[in-house]
Amino acid sequence: MQERIQKIKDQLHAASYKLTPQREATVIVLLENEADHLSAEDVYLKVKEKAPEIGLATVYRTLELLAELKVVDKINFGDGVARFDLRKEGAEHFHHHLVCMECGAVDEIEEDLLGEVELKVERDYNFKIMDHRLTFHGICHRCQR
Ligand SMILES: [Zn+2]
Ligand SMILES: [Zn+2]
Ligand SMILES: [Zn+2]
């Protein structure tokens, strides 16, 4: 945990930002809830438990900053709510998601399965791919039982 906080701190410093206590509290909440896909409001409620003085606007700004610096990715699963998701360490591209249409669970695929597709797109469309979003909608293994 400490090591990952340090890494994020370095990313902020490289872009001339400081890891203020409020920003750190936000980062810790994201790390502690890494498997979840929290909305800004969810993050705010959890940060507030640690730092009651923090305001929603501060949390919003921190999340936007972290998104800009590619520490987190912002994702929308079609319900109109922006969610914040930590980028996997060393991952060049954003991971993929499996969204269950029955229970709403969101699972992750960490491997980037798109290598060949990316090559084809780059070749056929002369398009330099920087990132992608891929969400599969279906029925999760729990709901299939
Ligand atoms: Zn995710
Ligand atoms: Zn990729
Ligand atoms: Zn399910």
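Glycine too: its Cβ is placed from the backbone N, Cα and C atoms.
DSSP gives CYS100 (Zn(2+) binding site) a strand state. Taken from TrEMBL, the feature Zn(2+) binding site applies to CYS100, CYS103, CYS140, CYS143.
In this structure, HIS132 (Fe cation binding site) belongs to neither helix nor strand by DSSP; it is coil. The Fe cation binding site feature in TrEMBL is assigned to HIS132.
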Could you state the CA-to-CA distance between CYS143 (Zn(2+) binding site) and HIS132 (Fe cation binding site) to the nearest Å? 28
Tell me which of the binding-site residues CYS100, CYS103, CYS143 sits in the most Cβ-dense spot, judged by other Cβ atoms within 10 Å. CYS100
Output field, Zn(2+) shell: CB within 8 Å of site CB centroid, site CYS100, CYS103, CYS140, CYS143 dropped: MET101, GLU102, GLY104, ALA105, ILE139, HIS141, ARG142, GLN144
